[in-house]
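Accompanying notes for the structure given below.
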Amino acid sequence: MSADNSSTICVCRSVRQELGIAIGFLVPPVLVPNIEDRDELAYHISIMFYIIGGVATLLLILVIIVFKEKPKYPPSRAQSLSYALTSPDASYLASIARLFKNLNFVLLVITYGLNAGAFYALSTLLNRMVIWHYPGEEVNAGRIGLTIVIAGMLGAVISGIWLDRSKTYKETTLVVYIMTLVGMVVYTFTLNLGHLWVVFITAGTMGFFMTGYLPLGFEFAVELTYPESEGISSGLLNISAQVFGIIFTISQGQIIDNYGTKPGNIFLCVFLTLGAALTAFIKADLRRQKANKETLENKLQEEEESNTSKVPTAVSEDHL
């Protein structure tokens, strides 16, 4: 597999994750209806939890039986070189320390956390916000969430294809971040118009960029931190997203309860603006691309030298 397919691999992984989120938006409102009887409500919730537990158990079994530590063949030249450079005695804590000395990566951890945290908060509180303005529309609230994620899956695929062709990691990340902010602002000021179809359109547009940004963050992190383990850099991004997600969800929930949905969404817009500004300061130090280029150049040089050494030497009659 060529190095040009690395972005596609990351996008496919993100799309699978977002597909699970989409199912999470669609299924719970159907399994747990909005009813007053607490006993019946508890019964429906328990059924949903049993289904989730069964699926999680099945996935655990598949992970234990099927999954391997790493592929038989490296997916790219840079990954092959990374395997060669990795010491068996490499320290996990030392790797984390090196990553936090990388200013560009630290900025990306913060900006990724702000964006993903805003998405987590929005997803968690979406049902409450929709019902606030459109009472009795629990099922449509789930469908709006599904629209956000499906649009994000499309955005992730398109951005992955663009990265493979252009290799403009910082520029693409910055543009998508700014468009996420624009989409969030439009969603904020159209949520209370009283037209549910407008919410579907604005939420889908916002999701196209907000959810589509997530694989871009992972791919950019790999470029900035090569040859460090992708698992460590991705894990730090996930930790940042979870921390900001918890903070934003609690804070926005309190703002919505006390002041309404618009101030709560403006709260997220402020932090997305901060994230877009910080993204502009990240330098595009594409270490993996440099390693791919150097490896390819060395390979071509070796092949050229090998071909040169195999050319027979012609001896003319004059020399004889």
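Glycine residues also receive a Cβ, built from the backbone N, Cα and C atoms like all the rest.
Database features, via TrEMBL:
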DOMAIN    1-287  domain 'Major facilitator superfamily (MFS) profile'
TRANSMEM  41-67  transmembrane segment
TRANSMEM  103-122  transmembrane segment
TRANSMEM  142-162  transmembrane segment
TRANSMEM  174-190  transmembrane segment
TRANSMEM  196-214  transmembrane segment
TRANSMEM  235-253  transmembrane segment
TRANSMEM  265-284  transmembrane segment
REGION    297-320  region 'Disordered'
Same-chain residues near the transmembrane segment (196-214), Cβ under 8 Å, at least 6 residues beyond its ends: 14, 17-18, 115-116, 118-119, 122, 130, 134, 137, 140, 143-144, 147-156, 158-159, 173, 176-177, 179-180, 182-184, 186-187, 190
Cβ pairs under 8 Å between the transmembrane segment (265-284) and the transmembrane segment (142-162), at least three: no
Top Cβ-contact partner of the transmembrane segment (235-253) among 41-67, 103-122, 142-162 (pairs under 8 Å): 103-122
Remote residues contacting the transmembrane segment (41-67) - C-beta distance under 8 A, at least 6 residues beyond either end: 27-28, 31-33, 35
Average model confidence [pLDDT] within the domain 'Major facilitator superfamily (MFS) profile' (1-287): 83
